[in-house]
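Undergrad: So TrEMBL lists the following for this protein:
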BINDING   R25, E84, K124, K440  (6S)-5-formyl-5,6,7,8-tetrahydrofolate binding site
BINDING   230-235, 249-255, 274-277  GTP binding site
BINDING   S234, T255  Mg(2+) binding site
DOMAIN    220-364  domain 'TrmE-type G'
Amino acid sequence: MAGKQSDTIFAQASGVGKAAVAVFRISGPACVAALAALAPGAVFPDRTATLRTLTDPATGEALDRALVIRFAAPRSFTGEEVAEIHVTGGRAVPAALARALAAAPGLRLAAPGEFAWRAFLNGKMDLSEAEGLADLVEAETEAQRRQAVRIAGGALRRECDAIRAALLDAMATVEAQLDFSDVEDADLSEQSVRAAARRALDRIDRGLASARSAERLRTGYVVVIAGPPNVGKSTLLNAIAGRDVAITSPFAGTTRDPIEVAVDLAGYPVVLVDTAGIRDAADPVEQEGVRRARQRAEDADLTLWLDDGLGRSGAPGGALIVRTKSDLAGADAPPSTDGAEFAISAKTGQGIDRLLAAIAERAVDGMATAEPAVLTAARHRDAFAEARSALASILAADTIEAELAAESFRIAAAAMDRVVGRIGVEDVLGAIFSRLCVGK
Ligand SMILES: Nc1nc2c(ncn2[C@@H]2O[C@H](COP(=O)(O)OP(=O)(O)OP(=O)(O)O)[C@@H](O)[C@H]2O)c(=O)[nH]1
Ligand SMILES: [K+]
Ligand SMILES: [Mg+2]
């Protein structure tokens, strides 16, 4: 992360553009001096909203009436001197305030995520909470928000800390009796070490059990719309999206690139992917489209296999078979599709609600967890899996070798430290904090 910590940073924390209010944040040692320059003579008591007219120190001209809240260090978001300035939104007022702040001695514009970065450095939040915060900003559905707010609130940190404390206890026990043969009751010691490893392992397994579902909730449940050409795949995508996302036409082979649309089903994020119609294509571009379609269907959480009943099949196992164009009747009506559980018409909308309900049911199944999930990223899952195998190695041994057991407990505890960012995270810090926007 760029910049020295002795710098004072500022940024517009609210979105840019037409808005009632714009919020600026300042953090760092020059914060109080900057406020004094903007409002000479004014007093800004700690943690109190104060209404003042701010003036541009360069010209003495009024900038705007502002609501200012000062947070004295260390009781602030970053742990430093912080101020929040609320002014009129829109373009001109925030731009003028940004100019005045940039000109203030010792102030510079913050980098993306730099406020959170300082909070992390000052022990105000751990790495998992920063990840939760980034997820919260990115959350698009209610279920994503619920999960992110839990992690941002420290649910994973607390779990890691509890597991780590138990592991350090067990390690201390083992180290205190480094050679069990010297101990009066070696059997009992072995038992207590095994029990400690077992307890931690169970807790880690509980976390791992919901990890995949929680990760899927962050990224969305992927539903691929596949099938032969011209059966109405793109028309269905447009009908669900409620807009013309994909080109449709009576010509087979219209869609080439996979087209993604994110939708909210029952509060859960679902990514619908329209794909090229699958056939033996002569055109090399269409061939590539078909290759991508097959690949996406293979990687999907769920495949919808659309068919208009014209005797073309090839649905992959596990796919939902959907008979399309059910509005066509009489001489136009194609023969029925074998095994179709759903009949839809993208033209009349018939059957689409039922299909969406079936997709939502599967999506919720794939993302909801019995217990509130705490492992929400691959990074967390990897660390827990490493701790798991270290503890499993203790339990697998016929007799407990004190030194080996101590080392295994240490490895498992270090994995917990990595999740919260206490150690060994240099390579992931940049990626995590740069996900946050300027002003966070
Ligand atoms: N009557 C009727 N026609 C439909 C329906 N859905 C799609 N069509 C028509 O079927 C033709 C093909 O539709 P597309 O959505 O382009 O089909 P596709 O499966 O995406 O085709 P490719 O991308 O070429 O594989 C178009 O002429 C659509 O208007 C439907 O529900 N009823
Ligand atoms: K088409
Ligand atoms: Mg298409």
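Cβ coordinates come from backbone N, Cα and C, glycine included.
All TrEMBL annotations are machine predictions without curation.
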Undergrad: Quick one: DSSP breakdown of the domain 'TrmE-type G' (220-364) into helix, strand and coil?
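TA: Counts, helix then strand then coil: 41 helix, 32 strand, 72 coil.
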Undergrad: Output the one of R25, K124, K233, K440 that, of all these binding-site residues, has the highest number of other Cβ atoms within 10 Å of its Cβ.
TA: K233
Undergrad: Provide the three-state secondary structure of E84 ((6S)-5-formyl-5,6,7,8-tetrahydrofolate binding site) computed with DSSP.
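TA: SS state of E84 ((6S)-5-formyl-5,6,7,8-tetrahydrofolate binding site) = strand.
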Undergrad: So of all those binding-site residues, R25, K124, K440, which one's Cα sits nearest to A276 (GTP binding site)?
TA: K440
Undergrad: Anything from the binding-site residues R25, K124, S234, T255, K440 with its Cβ under 6 A from ligand 1? List those in sequence order.
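TA: Passing the 6 Å Cβ check against ligand 1: S234, T255.
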Undergrad: If you measure from the Cα of K124 ((6S)-5-formyl-5,6,7,8-tetrahydrofolate binding site), which of the binding-site residues N230, S249, A252, T255 is the nearest?
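TA: With Cα distances computed to K124 ((6S)-5-formyl-5,6,7,8-tetrahydrofolate binding site), the winner among N230, S249, A252, T255 is T255.
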Undergrad: Among R25, K124, N230, K233, T255, A276, please name the binding-site residues whose Cβ is nearer than 6 Å to ligand 2.
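TA: Among R25, K124, N230, K233, T255, A276, near ligand 2: N230.
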Undergrad: Taking a cut-off of under 6 Å between Cβ and any atom of ligand 3, tell me which of the binding-site residues E84, K124, S234 pass.
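TA: Passing the 6 Å Cβ check against ligand 3: S234.
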Undergrad: Listed binding-site residues are R25, E84, S234, K440; which of them have CA atoms within 10 A of the CA of S249 (GTP binding site)?
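TA: Within 10 Å Cα-Cα: S234.
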Undergrad: Out of N230, S249, which has the highest number of nearby Cβ atoms, where nearby means within 10 Å of its Cβ, if these are the binding-site residues?
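TA: Highest number of other Cβ atoms within 10 Å: N230.
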Undergrad: When the pLDDT values for the domain 'TrmE-type G' (220-364) are averaged, what is the result?
TA: 92
Undergrad: Taking the Cβ of E84 ((6S)-5-formyl-5,6,7,8-tetrahydrofolate binding site) as centre, how many other Cβ atoms lie within 10 Å?
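TA: Neighbour count, Cβ to Cβ under the 10 Å cut-off: 19.
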